[in-house]
Structures are given as C-alpha cells and as structure tokens.
Amino acid sequence: MASLPLPTVPSHSQLSLRRKLIGKPPHISYRVTCNADNVEKTPQQPKLDRRNLLLNISGLYGAANLIPPHAPPASATPISSPDLSTCAQGTNLNTQQPLDVNCCPPFSDKIIDYKLPHAAHLRLRPAAHLATEEYIAKYEKATELMKALPDDDPRSFMQQANVHCAYCNLTYDQTGDPSEKLQIHNCWHFYPWHRWYLYFYERILGKLIDDPTFAIPFWNWDNPDGMAIPAMFVKENSPLNDERRSQTHLPPSPADLLYSSTAKTDPNIIIPTNLTEMYGEMVRNVSNVEDFYGAKYVVGTAPDPGPGTVERGSHTALHVWVGDPRSPAGEDMGNFYSTARDPIFYSLHANVDRLWSVWRGLRGSKPKEFKEADWLNASFVFYDENAQLVRVRVKDTLEDVKMGFSYQKVELPWLDKRPKARVRRSKIASKASGVSNVFPVKLDKVVRVLVERPKTKRSGKEKEEEEELLVIEGIEVDTAKFVRFEVFVNDEDDEPGEVKDRAEYAGGYSQVPHKNSSKVKSKIRLGLTELLEDLDVEDDDKILVSLVPRAGGEDITIGGVKIIYV
Ligand code: C2O
C-alpha cells in the first residue's frame, strides 16, 4: 500500500527561507493517494466561491483568472491540464509495486491562468561547458537552497523532480477521457511541456538567490566540445552531482547519441556518428512539422502515438547513457519517474529546448509549428516560483524570448554533415535475399523488407512540395524496457554497422523506460527524399529496408512498413 505523503515539520531555517520566498506558506491540503493497481480516487470538490465566478465572467481580473480546477476545457479535444485529484501513484516497473515515492504533487484547488509576465531582463542560458566559476557557484547555491526547501513545498527539489514523474509515468487520467492516461512524451507535446517545466524550475532557482536574470545552463551535447558530462555536474560534494550515474560514462567520455546495448567506446567513432545523427534529427528527417515535434495527441488518444526525431534519438540515448546500470530501473536518468532527481536532467533538456529554437530558426519560410487548435490550446499545470498553481498553454511557448529567456550562441557543427553521396546502389532491391513481408514481425533479428515506391523520378518541384516518408507503424514495445532499432535503406551489409557518415542510415527509434501499463503502439516517419538522392536511386520502384535491432529486439514488434508522401 502506498505510503502517505506526510507533511514534514519544517526546520527553522527552512521556515525563514520560505518566508523569504513568499512571505507566508502556500495553502496546500493533503490527501491520501493510492497505488495504481487499486486506484481509489479522492476527488476534491472545487470551491466555487462567488468571487471566483464573478471574476471569471467579468474577465476583469487582469493578469489572472481564478478558475475552478474542474471546469470543463474550453475546447473538447486538446489535452487539458490534469485534475490533480485524480493523480494515482506510479508503479515500480521491476517489482510492479508502488514507486518508492508518491510523485503526485501537493493538492491545491486554486489554479490561475498564467500570463507571461513582461520580461524586464532576459535570462541567457549559458553552455554548461563554457560557464564561468562565478556562474557555477551561483547555480550551486540556488540548487542547494532548492534542496533545502521542505519536502511538501511544491518548489522543493524533490517535488520538482516528481513533476516529471507525475506527467510521464501515467499517474493522471486524461481530463475528458478517464479511460486514457496522460503522457506528454512520445507525442507533439514533448517540446512545449518540457519548455514550461524548465521555465518554472529556472524561475524558482532565480527567486531563491534573488536573481531575476538567473538562467539554467544547457548541456551542449550536439557539439564535440560539450559532449562529455559537463564538469560542474561531477564535482565532489556539489549539489549538482548525483551518485546514481553510469560510472563508465563519466568525463571525459563523449556522450553516445545512439547509445544501445552494443556500446561504442572509441571517441573517434562516437563523435562523428553523433554529428551524422544530429544532422538527421535536425535537417534530413524533419521536412514536416510532425516529424520534428511528434505525433498528434488529443483527448482519447492512447499514450505514445509517436515521438519526433530528437526525442526518440539523441534525447533518449542520453537518458539511458547517463543512468546507472547498477540501479534496478536505470535510475536516476534512465527512467522517467526518477530522471529529474539528477540535476543534469535540466541541462540535457535545456539543450533539447535550445535545439527547438535552433530548428525554428533554420526553417526559413517553412511552417515552424502546428496551426491546430488541438495543439495550441493544450494546457498543463505547474507550481510557479510563488508556489501558486498555474495553468499554462502550448501557444505561449513558441518564442523563447517572449518567455524571457534565450541561449548563448554556439556553433552548429552538425549542420553541414550531410552524408557523402555513394556509388549508385540501384537494383540492390531485386538482388535482395532473406526478404520478409509477413507482418507483424518481431525484431529479434535483422528484418529486411522490400518496399514499393508509389512515385519515382520525382521532379525538384514535387520534392519541394511533398516529402517522401518511410513509415514504420504498429511499433509495439514494452514501455518498461529500453529498446532501440535502426533503419537502413539499400544497405548492402547483412547487418549494417556504423552510422557514421552513412547515407543509407534513415534514422532510429528508441524510448526511455517508463511505467509499464500495457504495450503501446507507436509509429515513426523517416524522410527519404534526401537519402534517395544521396544513394542515387530515385528512379527505382522498390527500396530494401533493413530494420536492425540494437537493444531489446525481442521486445519490439513491427506492424508494417510503407511509403507515403506528405
Ligand atoms: Cu521528460 Cu527527457 O524526458
């Protein structure tokens, strides 16, 4: 049975810190939660006081509208902020017992619609490997203060870490469809949700040290100079350090952005491979908005409909690469429920967030985001730096500067890493042997498929207008396990190896382990237009697709492979 989140008695210094923060303690009530197998919900009745209703109707409230927490969403379909009273404790995926923490946030029945404040100062997020001693001291101080906050303060380090657990380990029902769970990963909310999460984390830290310009650092893992875990995170006795990390991946090892069970160790392979991967995630594979952000996810959609390139690629690899293989579920970084207990999490994600801004900047006149109201109006809730529960929307996340932060400008060393054109590989498809066409198929070995191309010899204009996409669908995985597979086109090798500078590499799929509710069905789309040019096979009416398991293949099933034009 779950343990109760007992309010702890704050120490004197914690109390004075709290007073410094907000003047008086936030009004938070506690409730009993329950384990996921025996969900016994304890709905809290909203206080519909007349004042709130009037404010709501008149709209005269200026910066904030007090809204009852159970108000129906403005539109029926976008994901809307979870009802905190439906939060259920997550499950430890190894033991199937409740997690050792209850990651539900403290309950509050006052939610304010958040308005971006006018940003008087820009918070400039520095590259962690370039940060000054003075900056590092400041960040350490702020983190130490956050760790000293009482456990029941929604701004404490543990509560902040639990925010990730609550939104990512299926502890909330979807508001509007209690038969489906809320999961903000592996779908189009990955970037906006994490942007909000970091936003409040950063503001809480800034408030603790009284610095409205304080900005969190980003781990510049897409640049060879920044690929190792930044030094500030491995200093002994630093509040930024975490014991639970893979001991073989400490500096100076460069992060492996295609990390899998067959680990590479040679930096001369890892670094150029990383750059090929980043080029794929940021340029080659993301002609369409959906391929960068991830698949549509609205009320009624089952979790994990499909991750975007960075999420399923470098981002997932980093989580698992940093996590400690000695821990039962790869804690801290290697599992969604525990990942944000490692301070490096926020810097990993600051770089993901930075790449979002960079990608938008590279788009020129092409669409930079979804125009659908189902995306723009989706909402989430967070506690802000004043311990006030606020409702935020996706549409407010589009410009980092409007949110009051930006990133130190650094090189983009992957930008010109288009793999070299190779000799023509035409007719490889017709010579292929060991080809399978029976789906669903288990990926316990390399699976090779001949795939029909409905259109060949496409003109420059056609290619401009429509991207040719290889769709791998019905990907069924056990969400509790780390899995990874890679996709190659017209590769002559029976078991394609190195990705480095390999034009045949079309991309991959991997996922960070999280609560095992049921098997999920996901899909990915891989851009083919540039790849087919590089292989000089644009006239061929078939391509040979190799699906290569790299981790947990026995736990991956593929439902089908096809080509579409979007
Ligand atoms: Cu929310 Cu990198 O996970």
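Placement of Cβ uses the backbone N, Cα and C atoms for every residue, glycine included.
Because TrEMBL annotations are produced automatically, they should be read as predictions rather than curated entries.
Annotation source TrEMBL lists disulfide bond at Cys87-Cys104 (among others). In the three-state DSSP scheme, Cys87 (disulfide bond) is classed as coil.
Look at TrEMBL and you will find Cys103-Cys165 (among others) tagged as disulfide bond. The secondary structure of Cys103 (disulfide bond), as reduced to three states from DSSP, is coil rather than helix or strand.
Counting every protein chain shown, the Cβ of His185 (Cu cation A binding site) has 25 other Cβ atoms within 10 Å. The Cu cation A binding site annotation in TrEMBL covers His164, His185, His194.
Feature annotation from TrEMBL assigns Cu cation B binding site to His315, His319, His349. Around His349 (Cu cation B binding site), the C-beta neighbours below 8 angstroms that are at least 6 residues distant in the chain are His194, Tyr197, Leu198.
Marked as domain 'Tyrosinase copper-binding' by TrEMBL: 342-353. Long-range neighbours of the domain 'Tyrosinase copper-binding' (342-353) within the same chain, counting only residues 6 or more positions beyond its ends whose Cβ lies under 8 Å from a Cβ of the stretch, are 125, 128, 143, 164, 191, 194-195, 197-198, 201, 216-222, 229-230, 233, 239-242, 244-245, 310-311, 315, 318-319, 322, 332-333, 400, 407.
Cα distances from Cys87 (disulfide bond) to the binding-site residues His164, His185, His319 are smallest for His164.
Reduced to three states, the DSSP call for His185 (Cu cation A binding site) is coil. Cα-Cα distance from His315 (Cu cation B binding site) to His164 (Cu cation A binding site): 15 Å (rounded to the nearest whole number).
Neighbours of Cys165 (disulfide bond) among the recorded positions Cys104, His185, His319, defined as a Cα within 10 Å of its Cα, are Cys104. When DSSP labels each residue, the domain 'Tyrosinase copper-binding' (342-353) comes out as 10 helix, 0 strand, 2 coil, counted as helix, strand and coil in that order. Distance from the CA of His319 (Cu cation B binding site) to the CA of His185 (Cu cation A binding site) is 13 Å.
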